[in-house]
Amino acid sequence: MAGMDSGNLKTARLWRDAALRARKLRSNLRQLTLTAAGACPGAGADALESPASPQLVLPANLGDIEALNLGNNGLEEVPEGLGSALGSLRVLVLRRNRFARLPPAVAELGHHLTELDVSHNRLTALGAEVVSALRELRKLNLSHNQLPALPAQLGALAHLEELDVSFNRLAHLPDSLSCLSRLRTLDVDHNQLTAFPRQLLQLVALEELDVSSNRLRGLPEDISALRALKILWLSGAELGTLPAGFCELASLESLMLDNNGLQALPAQFSCLQRLKMLNLSSNLFEEFPAALLPLAGLEELYLSRNQLTSVPSLISGLGRLLTLWLDNNRIRYLPDSIVELTGLEELVLQGNQIAVLPDHFGQLSRVGLWKIKDNPLIQPPYEVCMKGIPYIAAYQKELAHSQPAVQPRLKLLLMGHKAAGKTLLRHCLTEERVEGCPGGGDKEKCYPPSPPPVSKGIEVTSWTADASRGLRFIVYDLAGDESYEVIQPFFLSPGALYVLVVNLATYEPRHFPTTVGSFLHRVGARVPHAVVCIVGTHADLCGERELEEKCLDIHRQIALQEKHDAEGLSRLAKVVDEALARDFELRSASPHAAYYGVSDKNLRRRKAHFQYLLNHRLQILSPVLPVSCRDPRHLRRLRDKLLSVAEHREIFPNLHRVLPRSWQVLEELHFQPPQAQRLWLSWWDSARLGLQAGLTEDRLQSALSYLHESGKLLYFEDSPALKEHVFHNLTRLIDILNVFFQRDPSLLLHKLLLGTSGEGKAEGESSPPMARSTPSQELLRATQLHQYVEGFLLHGLLPAHVIRLLLKPHVQAQQDLQLLLELLEKMGLCYCLNKPKGKPLNGSTAWYKFPCYVQNEVPHAEAWINGTNLAGQSFVAEQLQIEYSFPFTFPLGLFARYSVQINSHVVHRSDGKFQIFAYRGKVPVVVSYRPARGVLQPDTLSIASHASLPNIWTAWQAITPLVEELNVLLQEWPGLHYTVHILCSKCLKRGSPNPHAFPGELLSQPRPEGVAEIICPKNGSERVNVALVYPPTPTVISPCSKKNVGEKHRNQ
């Protein structure tokens, strides 16, 4: 049915209910289902050609059978004696076979047959004699065939009540159709009609009509003759206007007018007082149709993807509204009266320009489906709105209790390669110092030239850029060393200003992809539409001409990269459009077709993503700003630029967000002595601070949740291990992360030796006096620690007690260490290697694995820790392999974090730098990452398993949770373009270097009914079992986002 794939409408239930009614009537009949001997199960019209048509023999004694199902048998003829043997038959199902015409034997059943289903065949004609004989027929399904016309004899079926001729090639309908006076349901969608068939105007009993996806371009004025019509589908009918007579269809209850060219509705539209469901999505409405406001009985209203700029206050008159979709318009504000729609259960507002939600929004407490992303929200803040209506209600309640407060504070991130000059630039900006002060300058802030400061990893500084306006920057200096790449994405967040620092003294055009291009791709993938300023440092080391040429080259190559990416995405979007223009049946007919077998719903999702990527390109400020830290004019110009951009309300609306004063006070109290020095606070400690801020316990939760979402502190209400603690000291946490990601063996060994010198003297511990160690003991201890450092840098392995030594003095008590390790595991940075799930370690040493440190490319058995070994993989019949491809950029640290995320799903694992061998139960799985090899071979990440064909469900069961975990992680990169494919099992078995790739969207679709095998396009003689392409049950393509720790402290 038209629109069934949209997933946005509940109207599918209308057709489902009709099917259930028919099934209920059939349930009292004596039924029989037959399968042809030797036939491939489900070898229907869409299946492969078989050498011989399967034969089906009727059993004896069929005289009492009233319902016979011969569907999914690949039949070209019905069995001999069908008509004479079935004297009582009332229902005959022949769907999904290979009939080119209605079998003559069907005519013999005409005097008692009431229901006939010949859908999904190859009918090009019906046969006048056969149709004439079906005089008792009440229900006829001819959908999904190749019929160019219908015979006139169809009009003689006086008892016909339901007729489905959708998905055919009908250019017109026979005049005799007007004689079907009892017809209640007619489906003609997806045909080739060029005008509304006037014959239908005579069908006074018609209640349900679908003429979607035909090029009608208009409706007749006298369509009002269809007075019994209750359900009308006109989706994608190329309608520009509705005639006044349309408004006389007074019985209409459900109306689908989506995907047309409507700009307005007739004033008389308000006469449709029985209307309960209306879909006007994907039209050209610039104003909310006033004619809808008097429709007091309306329950569902869809106005997605129009050009609306406002919603009228009189919408509150739609008091029975349960569903309201207004997404992807240009709405700037909502009327206060919208909160009176207290019965709303679905409210979709994403993709608009809404900055402020009305007061008392929490009254919409019944809303379950809530979408608000991609709006410039200020009040409530974006982080609050994304949590849902209860959190919005708590925010507004708190705002009413305490005076509002505005905090102009912007996150500024300095990015760039190692030695780009980020740290020196940060010092000069935040301390307002000038190195050397050539040509004058403020002597009080003038410092003699000094060696470039050495970065200590990721550093955070607060910078009051303009005290008079109270404007502050929180400056994050992101380390340029590759070892920090796994944690850098945690700090890339919406609402921040990105400064990409390039060393102009060493820059060469051929190095653009690594010094500039890759950083832009990275930020764009993580934070679509981010604001980026390019700053060139060491300008004093370049000649005037050289400086100009290098800045112009960076500017030119950025423009070329953006143009290349946008054109590539446009081409891909065009392929999706072309696929959507073809019928699903046509797409599914040939594996050679683009997006073979992909549903309209998945194609529309794909198209929407491409459109999102095209509409949310990076905002790159031009031109490149050359800076020398020795020139106060350069620094002043850079400061002025940053301030002018920061104060632009349309670019950074969050800078002006309004908070309850009590929430701001709670934040400030967390950072005052004595608690400011502690690594974490208990929930009760925070509750006591909340009372000082005027927050009762029931109001504290929302405040902590906001501070967590906005990156001020970490509070994991969804984690049993962490929910009783609040991590407020983010500076110390970053210092701890820096310890793990400085890959200097001498520095690590020095920290361990310092840690051992104070061992046994930690706070809260007591120990007897220790004798001074002998030189030989000191040497032995140093040797052991050196081995631990080597194991860490080569294999990413550290025992818990060594981690404690490494983190002194940051971690003192054992509880600090345990909480910190739980936190690192939640961030996806490490996992406990030998801890039984849900059980204590019974005194044995806990070992932790940091996958980003693994150096050996091929996994090896770690039997020296867990006593297991990975047996060699034996030959098996069939392979499953899901491959993710990343054409533009591969997310930083994704493989390492994914390695941690899957740990709870696998056992007996062995890790390499780019590969993981493991088991799901007794089923082997292999996760592999292959870095890009040039422009034409992108980065890929694959998940594979294998099993014999009868047991292939076990392989699907093994890899499906791993696929879903990867999908969850990729949700953190909304601007990332990637593709998913199922690799052909036959190609893999042959060892093909370039196996055929079936579309990954098939993973989220049910197996096609009646299809047993699929042709591999790489080799037309190869047939792939459908079980090797489609999972037993569809996977979750867009799983609900899990709480990610890394997401939270990146949002400050």
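Keep in mind that glycine also has a Cβ here, set from the backbone N, Cα and C atoms.
Feature annotation from Swiss-Prot assigns domain 'Roc' to 403-649; the stated evidence is sequence analysis.
If you look up Swiss-Prot, you'll see A2 marked as N-acetylalanine, on the strength of a large-scale study or a structure entry.
Sequence annotations record features per position, and here Swiss-Prot assigns N6-acetyllysine to K601.
On the 0 to 100 pLDDT scale, the region 'Required for interaction with PJA2' (64-364) averages 92 in this prediction. Residues or ranges marked as region 'Required for interaction with PJA2' by Swiss-Prot on the basis of experimental evidence: 64-364.
Among the features that Swiss-Prot reports, region 'Required for interaction with PPP2R2A' is placed at 64-649.
Among the features that Swiss-Prot reports, repeat 'LRR 2' is placed at 88-109.
Positions annotated as repeat 'LRR 3' by Swiss-Prot: 112-133.
Residues in the repeat 'LRR 4' (136-157) partition by DSSP class (helix H, G, I; strand E, B; coil) as 5 helix, 3 strand, 14 coil. The feature repeat 'LRR 4' is assigned by Swiss-Prot to 136-157.
Per Swiss-Prot, the feature repeat 'LRR 5' maps to 159-180.
Annotation source Swiss-Prot lists repeat 'LRR 6' at 182-203. Within its own chain, the repeat 'LRR 6' (182-203) has Cβ neighbours under 8 Å at 1-2, 18, 143, 158-176, 209-220, 222-223, 225-226, 233, 235, 583, counting only residues six or more beyond its boundaries.
Look at Swiss-Prot and you will find 205-226 tagged as repeat 'LRR 7'.
Listed as Cβ neighbours of the repeat 'LRR 8' (228-249) (distance under 8 Å, sequence separation of 6 or more from its ends, same chain) are residues 1-3, 11, 14, 189, 204-222, 255-266, 268-272, 279. According to Swiss-Prot, the feature repeat 'LRR 8' maps to 228-249.
Within the same chain, residues 2-3, 6, 9, 11, 14, 207, 212, 227-244, 278-287, 289, 291-295, 302 sit at least 6 positions outside the repeat 'LRR 9' (251-272) and bring their C-beta atoms closer than 8 Å to a C-beta of that stretch. What Swiss-Prot lists as repeat 'LRR 9' is 251-272.
Residue counts for the repeat 'LRR 10' (274-296) under DSSP, helix first, then strand, then coil, are 3 helix, 3 strand, 17 coil. Residues annotated as repeat 'LRR 10' in Swiss-Prot: 274-296.
Sequence-distant contacts of the repeat 'LRR 11' (297-318), counting only residues of its own chain at least 6 positions beyond either end whose CB sits under 8 Å from a CB of the stretch, comprise 8-10, 258, 273-288, 290, 324-338, 340-341, 348. According to Swiss-Prot, the repeat 'LRR 11' annotation covers 297-318.
Residues of the same chain lying 6 or more positions beyond the ends of the repeat 'LRR 12' (320-341) and with a Cβ under 8 Å from any Cβ of it are 8, 10, 281, 296-314, 347-361, 363-364, 371. Residues annotated as repeat 'LRR 12' in Swiss-Prot: 320-341.
Residues 1-2, 18, 22, 114, 119, 135-153, 186-194, 197, 199-203, 210, 583, 585 of the same chain lie 6 or more positions beyond the ends of the repeat 'LRR 5' (159-180) yet place their CB under 8 Å from a CB of it.
Here the Cβ of K601 (N6-acetyllysine) has 18 other Cβ atoms within 10 Å, regardless of which shown protein chain they belong to.
Classification of K601 (N6-acetyllysine) by DSSP places it within a helix.
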